[in-house]
Amino acid sequence: MFNLLFGIHVCNFLSTNLWTTSLLYSHQNWMGSFKVAARTGGWSPLVSDRYQWFEVDLGRRTCITAVATQGRYGSSDWLTAYLLMFSDTGHNWRQHRQEDSFGAFPGNSNADSVVKYKLKQPVIARYLRLIPLDWNPSGRIGLRLEIYGCRYTSDVANFDGSSSLVYRRSARPSWKAMEVVSLKFKTHKNSGTLLHAEGKRDDSLTLVLEKGRLLLYHQQGVSSSSSGQLLLAVGSLLDDQHWHHVKLQRLSTHLNLTVDKNTRQVHTPAELIHWDINQVRETSAQVVCLKPILSNKNFHGCMENLLYNDLNLIHLAKRNNHQASVVGNVTFSCAEQVSVAVTFTHSQSFLQLPGLTSWSSGVVSMALQFRTWNKAGLLLTFNLLQKGGTVWLYLSEGRLRLQINKAGRAELELSAGSGLNDGQWHYVELNSRHDHLSITVDTDEGATCLVFPSLGCPAQEGSPQCKNPFKVFQGCMRLLTVDNQPVDLIKVQQRLLGKYSHLQIDMCGITDRCSPSRCEHGGRCTQSWSTFHCNCSNGGYRGATCHSSKYEKSCEVYKHKGNTSGYYHIDVDGSGPIKPQLIYCNMTEDVSWMVIRHNNTELTRVHSSPDRHGHLAHFDYASEEEQLAAVISQSERCEQELSYLCRKSRILNTPEGAPLAWWVGGAGPGEIQTHWGGALPGSRQCACGLQDNCLDSNHYCNCDADLEANDSGLLTHKGSLPVRSLVLGDIQREGSEAAYRVGPLRCHGDRNFWNAAFFDKETSYLHFPTFHGELSADIAFLFKTKSSSGVFLENLGIKDFIRIELRSASEVVFSFDVGNGPLEVRVETSVRLNDNRWHSIRAERNVKEASLRVDGFPAAVHEAPADGHTQLQLNSQLFIGGTASRQKGFLGCIRSLQLNGVTLDLEERAKVTPGVRPGCPGHCSSYGSLCQNQGRCVERVIGFSCDCDQSAYTGAFCHEEVSASFKSSTSVAYKFKESYEAKRNISTSPFSIYSDLTLRGENISLSFRTSQCPALLLYVNSFHREYLALLINKHSEDHYIVRPIRILWEVEVEFTFGLCSKWYYGKFRILLTSDMEFNGIKSLILGRVQGKRGLSSLASLGFTGCLSGVCFNSISPLKAALLHPDSPVIVSGPLVQSSCGGSSTSANPYTTETTHSLSDQPGSVDPGQPLVNSIRSDSVLVGGVIAVVTFVTVSAMAIMGRFICSRKETYRKQEVKTAAQPEDCHELPFSGRAESLGAPSENQKEYFI
């Protein structure tokens, strides 16, 4: 006995004698409703299993609107779930699915109650089949059925592939603002031209079925060799021999194409903007016909209700109307080809057929058609007893492969075809004739082998089992033939032929999960039999359906994540339809500017010309229109510079007359604006007119005085931004000259990011309209609280719901129900979330999965069932901060709440809601750590800022070093005020420090870059003729040190730079204490020190190089000199602000940065505060601490120096080209004793640092 096995998982089958033919009820005169088995108690098959069905023949095609079920009378037999199938012919059944693609219908809970299901979309069919899925476990399958509907009539035409129907319009048709062509079609061919419409100038639109998809082409000229321009592609698997509805709609600017429920829209091509109207009015040449223009195949199938506007063209052709004619063999009934398909649905599906006796001679022939989305799967296998062995025909990576196994080894492998998992029908033929074996795919012979080897069975002798080593096949098969004899699959279904399990016979259940695509934002959809995948790599989105944006919504958000100025992708509406855009963010101490440039931001000169009537300039922005509008809308302030320099070129001329120059700005195409920079909208003025200081008091603009002048200022009215074009009209006169500049659009502030509400009662909440996130929903917000639990958000439906809550101090739960039962996604954090600091939550649910992320912790993900309900159906109000039951309310702040990219205005709703306050202060607890280098966090009404007054740095986070280039003659002297001056003059400047300050400890930090050695980095003196100095000196042949020295002891901090670089880099923070007090500080000097005895040799050298980030306790002399000219700083010699400090510390990865605490006070030191320690006289302890610190520092720096020298080439690439070669650094003899540098007076003391 030979067995032919299709789509098997395990070839081990149990024999069974159980099969039941389902009953067939027919009622020819059915009208309003149809009841089954009311008098007999109902239908109950002999065997209750999932292979039973109940079929009804309604006698003709009928519009079915509802079905009702009931259990069998007086029994415990009823259905709890079932499927509905429909057909026009009694074959090729189609499963009816609900709106969200879930196919099962709920049944009964007892034998007597009636459960009625109204179909959301009526179904037109002649046959109805009900398939039981589940039934009462204490009973059997039992059913009473009632069907509701009405008679259906239509006009049908059948086309045989060489026939057509032609309709010619009348000579003078009436004008219509909208034209529509609609039809229904069914076919088993995957290609053919459905519809072709021609215009006056031979422009045409053509609907073509290509590989089961409907394509709309525009073609210029019938005789053109071009295949036309593809406008739209809609639909998939349209060759399934089921009716599909098509609607082509022409509007004024758009073409809409609808296939079934999927609608696509495209702008009308320029050639067709007036095409239809001209044809309607002027010509009778317009043709609606069925003929091949772009395809070499005519349509083969049936059409129904072909309508052009209100005209039924098939009805006209049936009545031989002169406008509608047929060409070829067109019949007015649908002749359908019957082919029985079988669907392999999952891993347990198989079909076993008996082999033929002719196979014993080695002659094998079989063929089939299949379609699938899977790249791999076993199609069929069989044994050859004469030769011995097992034949496997399977798919692998979309290619068809044939393998012959003997004794567990692959004796032969053949392959043919490619891309066979495209969902199309593919024909496969296998032939074996003695010593010749071949497989053919789609009529092209793919592989041939001339030697048929000896074969054997891999299973043990006598064992009936064989295991499939390949993946199971999931897909459809049809037209199976064995030795040129078709296999009767209806007999298989009736258990009269072969065996099967888990099959759907007489239908192909393939579905296209990518049509319409659930991948959002241009994600590319790929699929298998049971699921789909989205490739989001080409856009700025992520997630299972490319729903969520990768980027932030504004520069403000980037800033509060610690980012500095630079280019960033901004997605202004998050998961909304607006694309991300690359924008420059200028992060300042106070605000974050979004800078959007256009094609001409430079000063542009316009010269006079008598031949020109004016000058017109258009400005094209880097952002798209909808991006610009969204940025302006959500920003607190926007501005744009508009400057006009003129000589005999007027703007307004007279206040009342027509303007000579204007600009266009605002949303969309914009509107003409006659106010200029610095003036108010509608004022017809320039800035000088508003300030009443124009050159000529009779005019409102300086340029209207007809002199050489300037009218410049900022445009700040958001409704008139951005500037789109500029018109200058007064440039014809002799001597006229003008220049204009339109700056980039600059906006700051994010209204949405700081929109917050504070909930101070558990019973309080905010309510908003119902949240609509049927297929995709993302929710993002920030919160802070001291409470350990509470509901953030809740929205309810009849059964569905969505909720996000803080269940405990370290657990957030996202729960929902879309009809498949409640599900929870939870994230447990390692830190407590009720610490009154801001925390972020992002939840997303789509048809693929649900996810939840809290702060930076790993996201929790829960996959959705493959064939479950997908639509979230809500109908109540959306509650924020509480629930409808007023229980488990949230206590704390919720901020920046966004649903599908739309921010809810919490503040506005909180103003009118008891128990809720708008806004939420206290941001420094969360964002204060962003302020660096002793910057101080300052609370603001919305947000915070970093106060850098006490820092040597500047920038949004006090992170930008203030650097300057020094020459040998440069000197920067910071003067301290004397105590008596301080008593008389109280200054508020942060740079005004008084000399009566007594220092017991110094906190010195700076960065330097120099080729000079020895060098003086910093010098501080006092009114008592005491001073401190920070020197660079040579320690040995290849070691250099920065040596801080006090009068009583000496400390060396060693840096191993050697001679491997032309420049020496260093960044230090040195904390020193002593038992000596440093009183009456007079000045702090950088660079050359004038007239100081004891330092004459260094004073003559000064300092050459770059200094950056200089800080002496709370004094920043370099920052004061460069950025605050009103500070008490005297600068002599050249001082140029430079980025050398930043380049040497950031670009050079080997820059040394050390922090040394030379205090005799144990414990850690806060570098952000001046160091003031109590002095201990225990010199042993002091010496021990100093010795330990020195040893550790020297060891660390020696290791770093070796590493730096190994990267010599890196230093050389980063050096400044003009840097001088380092001279041989002679050691400067000095020590901690004052007399070693000369003979100062007895009152003078020296401190070398």
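The backbone N, Cα and C atoms fix where each Cβ goes, glycine too.
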Quick one: sort out which of 238-259, 678-699, 920-941, 1228-1249 is the region 'Disordered' according to TrEMBL.
1228-1249
Cβ neighbours within the same chain of Cys893 (disulfide bond) - under 8 Å, at least six residues apart:
Ala756, Ala757, Phe758, Phe759, Phe783, Lys784, Thr785, Cys920
Helix, strand and coil residues within the domain 'EGF-like' (510-547) as assigned by DSSP:
0 helix, 10 strand, 28 coil
For the domain 'F5/8 type C' (43-150), what are the DSSP-based totals of helix, strand and coil residues?
0 helix, 60 strand, 48 coil
Integer mean pLDDT for the domain 'F5/8 type C' (43-150):
91
